[in-house]
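Enquirer: Features from Swiss-Prot:
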BINDING   His95, Asp128, Glu191  Zn(2+) 1 binding site
ACT_SITE  Asp97  active site
BINDING   Asp128, Glu163, His377  Zn(2+) 2 binding site
ACT_SITE  Glu162  active site, proton acceptor
Amino acid sequence: MSRTLHLAEQLISRPSVTPDDAGCQALLIARLAPLGFKCETIVSGPEHFRVTNLWAKFEGFSPSAQAALAQPAIESIANTELSQAKVKTLVFAGHTDVVPTGPLAQWHSHPFTPSHRAGKLYGRGTADMKTSIAAMVVAVEEFLAAHPRPALSMAFLITSDEEGPGIDGTVVVCDRLLARGEVLDYCIVGEPTSVKQLGDMIKNGRRGTLSGKLSVKGVQGHIAYPHLAKNPIHLFAPALAELVATQWDQGNDFFPATSWQVSNIHAGTGASNVIPGDLVVDFNFRFCTESTPESLQQRLLAILSKHQFEYELKWTLGGLPFLTTPGTLVDAVRGAILAETGVQTELSTTGGTSDGRFIAKICPQVIELGPVNATIHQINECVDTASLDPLKNIYKGVLERLAGLA
């Protein structure tokens, strides 16, 4: 059996629904520590929502350290003493947590029992994103077996809180790394980015997300006596029409234009003869680098104020947009994908948010690359079994290119 497949099956068999890691990271530590990774477990969150995070790092070797180690008299010196000269660091990032399974009766096989049918590997987390993690680990194992003293540092940043609130996971680790001056250069997040075939799309950025909860104040009353009431739905309707029609920006070469969408509207008591006293609207901006949270807030507030109704508004900034323009990391990933699959990958910033938004604050080059995403979060989630080792080879190819070995 493929070593990548074997590790993937071990991870899938662990029921790691957010925030429960279910022993996945212990399994990773058991593979990484013998390779020379210094592994650090960071537990965060309240007692009822304990999150497990892993930071594991292998210190690379500068050319001078490699030359020194080639001398017989130097062999006894600890590797850490000879790897102090800084080399670039590549981080593999991901999450061991998965979304809930949904109705078990609708699965063809148990979601936490890896199974194979018609060339596909089934189980919760196969696509999102346990096969990516398995491929990353085996790629590093093979890379270090061939190049035990690479001119590249490597790290893993793994959390069990990506599918949940995301406040005790990757962001906590990034804050700690920033506080102690850890320098990161490149990061690959193992999100399932491929669309029709492995490697046909990678994410070199993501839009920001800004949400709001708007409460419009009216006066409740009898529907037959509207002059004695103030209908908040009617008050808000013209503003809603204007907000929907507003073009917030034009987008740019890397991002589509900023989008404003309403997700929920609630008003009324449920009775058909009562004018509601208030209206609650949940909305969200998915915004590109042409806009800022402040500019979007100011423009929306100006529209609301123009329509002269009483309201309260609470904002939640879920993440800023990030972008990695073509350069060292993008070129390495493109080259590795082309060499393994023959596919010319497409750069994209579409889709939802990911933990890349936190990592981008401390790492200048972040991309996302993983398996086909057609079944993520679905009943009978699966990936092509034959894609696992090619994904591993792509990750290994990136390592070789960043280390100057390809």
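Backbone N, Cα and C define each Cβ position, glycine as well.
Since we're looking at a predicted model, the values are computed, not measured.
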Enquirer: Tell me whether His95 (Zn(2+) 1 binding site) sits in a helix, a strand or coil according to DSSP.
Expert: strand
Enquirer: Which of the listed recorded positions (Asp97, Asp128, Glu162, Glu163, Glu191) has the least company, meaning the fewest other Cβ atoms within 10 Å of its Cβ?
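Expert: Looking at the recorded positions Asp97, Asp128, Glu162, Glu163, Glu191, the Cβ with the fewest others within 10 Å is that of Glu163.
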Enquirer: For Asp128 (Zn(2+) 1 binding site), name the DSSP secondary structure in the helix/strand/coil scheme.
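Expert: Looking at the DSSP assignment, Asp128 (Zn(2+) 1 binding site) belongs to a helix.
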Enquirer: Give me the CA-CA distance between Asp97 (active site) and the residue listed as 'active site, proton acceptor', in Å, as a whole number.
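Expert: Here the two Cα atoms are 7 Å apart.
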Enquirer: Taking the recorded Zn(2+) 2 site as Asp128, Glu163, His377, identify the other residues of that chain whose CB atom sits within 8 Å of the mean position of the site's CB atoms, giving them in sequence order.
Expert: Val98, Val99, Gly125, Met129, Ile376
Enquirer: Within 10 Å of His95 (Zn(2+) 1 binding site) (Cα-Cα), which of the recorded positions Glu162, Glu163, His377?
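Expert: Glu162, Glu163, listed in sequence order.
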Enquirer: Using C-alpha atoms only, work out the spacing between Glu163 (Zn(2+) 2 binding site) and Asp128 (Zn(2+) 1 binding site) and round it to an integer in Å.
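Expert: Pair distance, Cα basis, whole Å: 10 Å.
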Enquirer: List nothing but the one residue from His95, His377 whose Cβ has the fewest other Cβ atoms within 10 Å; the candidates are the binding-site residues.
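Expert: Among the binding-site residues His95, His377, the sparsest Cβ neighbourhood within 10 Å belongs to His377.
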Enquirer: For Glu191 (Zn(2+) 1 binding site) and His377 (Zn(2+) 2 binding site), determine the Cα separation and express it in whole Å.
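Expert: Cα-Cα distance, Glu191 (Zn(2+) 1 binding site) to His377 (Zn(2+) 2 binding site): 13 Å.
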Enquirer: Which chain neighbours of the Zn(2+) 1 site, leaving out His95, Asp128, Glu191, have a Cβ atom within 8 Å of the mean position of the site's Cβ atoms?
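Expert: Neighbours found: Gly94, Met129, Ser132, Glu162, Glu163, Val189, Gly190, Pro192, Ser354, Gly370, Ile376.
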Enquirer: Cα-Cα separation of the residue listed as 'active site, proton acceptor' and Asp128 (Zn(2+) 1 binding site), in Å?
Expert: 11
Enquirer: Rounded to a whole number, how many Å is the Cα of His377 (Zn(2+) 2 binding site) away from the Cα of Asp128 (Zn(2+) 1 binding site)?
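Expert: Spelling it out, the Cα of His377 (Zn(2+) 2 binding site) and the Cα of Asp128 (Zn(2+) 1 binding site) are 8 Å apart.
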